[in-house]
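Swiss-Prot has this to say about the protein:
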{"type": "SIGNAL", "residues": "1-20", "note": "signal peptide"}
{"type": "CARBOHYD", "residues": "Asn28", "note": "N-linked glycosylation site"}
{"type": "CARBOHYD", "residues": "Asn58", "note": "N-linked glycosylation site"}
{"type": "CARBOHYD", "residues": "Asn77", "note": "N-linked glycosylation site"}
{"type": "CARBOHYD", "residues": "Asn126", "note": "N-linked glycosylation site"}
{"type": "CARBOHYD", "residues": "Asn177", "note": "N-linked glycosylation site"}
{"type": "CARBOHYD", "residues": "Asn212", "note": "N-linked glycosylation site"}
{"type": "CARBOHYD", "residues": "Asn282", "note": "N-linked glycosylation site"}
Amino acid sequence: MYFFRALLSPVVMWPALVSGKSNSNTANYTVEELWDLEVTFWDNFLYPANVKQVEAINSTLFTTEVQGRVDITRVFNGSELNTEYIFGLFSDPNHLSLVGVPIAYSITQFIAERNIASATTVVTFNATSFGNLLLPVTIDTWIMWDADGRIMQYDATFRWFGFLLDTLVEALATSINGTASQATAALTQLLATTVCDTHDKYCTGENQQYDNSTACYDFLTTAIPLGKDYELGRDTLLCREVHEHMVQYDPKMHCPHIGPTGGDYCVNDQTYEQKVLQKYFNVSWIVGVPWTGNIWLGD
């Protein structure tokens, strides 16, 4: 990176202007400082450090209006919502979960400039619901920090997630001495039962989504599919499994997500093209060049 900086030193470094929005944040960190910020995030992502972040309700690692996108799910706005999903989703080893809790990580790729870092991190999860199976999960991230060292934007991709789901099904098949189809059916039953138990406990009164446990179970096992690897943000059981973890923190917000309507998260409201071309981020990820064609920037 320093070699390229030397080559470009005589050149004017233009901000990336797109629809009047640029990466004009005053933060201008060194590579070492960005590395430290990256490490700080992942240190807090691990269990049990993530529990403390969840208990804070609004993690100080995020700005108040943080924007986040995860490829297999959806976009998440604001510090409270991101605290619940980024830290709360993987913070209870005793609760049924697909991947369990993160216990270690290794950053395998890293490059940084100004207030942005792009990295690949292999996170080891203890899949406590699958016999404490240790799973390496590869997560690609782009993270942008403000001048106070808080995350203002992130874009995350779970690499090889379909392969991961198949591995979990195979592990379950081995444990029940059955076929992959039998394991998938067993997983469907386990997830549906857990979602319905959570609904019965937290989604009461105005937050109730199903008439009773039987109606809940029947809907989750017959009316919607389990879901594919890219459908954790669509009308599937896997999507409701993700949001089930969050219900305890804010039933009013999250109960609809596990209900029949799916709220505004577990719904089939996007085509493939709309997903890819969604205008979302407030600040351009492009720095150092006067590029005006970033189609991901919001209006």
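Our numbering is plain: 1 for the first residue shown, then up by one each step along the chain.
Using the three backbone atoms N, Cα and C, a Cβ is placed for every residue, glycine included.
Known features from Swiss-Prot, placed on the structure.
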| residue | record | DSSP class |
| --- | --- | --- |
| Asn28 | N-linked glycosylation site | coil |
| Asn58 | N-linked glycosylation site | coil |
| Asn77 | N-linked glycosylation site | strand |
| Asn126 | N-linked glycosylation site | strand |
| Asn177 | N-linked glycosylation site | coil |
| Asn212 | N-linked glycosylation site | coil |
| Asn282 | N-linked glycosylation site | coil |
Local Cβ density at Asn58 (N-linked glycosylation site) - other Cβ atoms counted within 10 Å: 16
Determine, using Cα-Cα distances only, which of these glycosylation sites is closest to Asn28 (N-linked glycosylation site): Asn58, Asn77, Asn177, Asn212, Asn282. Asn282
Of the glycosylation sites Asn58, Asn77, Asn177, Asn212, Asn282, which sits closest to Asn126 (N-linked glycosylation site) by Cα distance? Asn177
Return the count of C-beta atoms lying within 10 angstroms of the C-beta of Asn77 (N-linked glycosylation site), excluding that atom itself. 12
For the glycosylation sites Asn177, Asn212, which Cβ has the most other Cβ atoms within 10 Å, all shown protein chains included? Asn212
What is the separation, in Å, between the Cα atoms of Asn282 (N-linked glycosylation site) and Asn177 (N-linked glycosylation site)? 50
If you count Cβ atoms within 10 Å of each one, which of the glycosylation sites Asn28, Asn126, Asn282 comes out on top? Asn126
Can you tell me how far the Cα of Asn212 (N-linked glycosylation site) sits from the Cα of Asn77 (N-linked glycosylation site), in Å? 32
Can you give me the Cα-Cα distance between Asn58 (N-linked glycosylation site) and Asn77 (N-linked glycosylation site) in Å, rounded to a whole number? 12
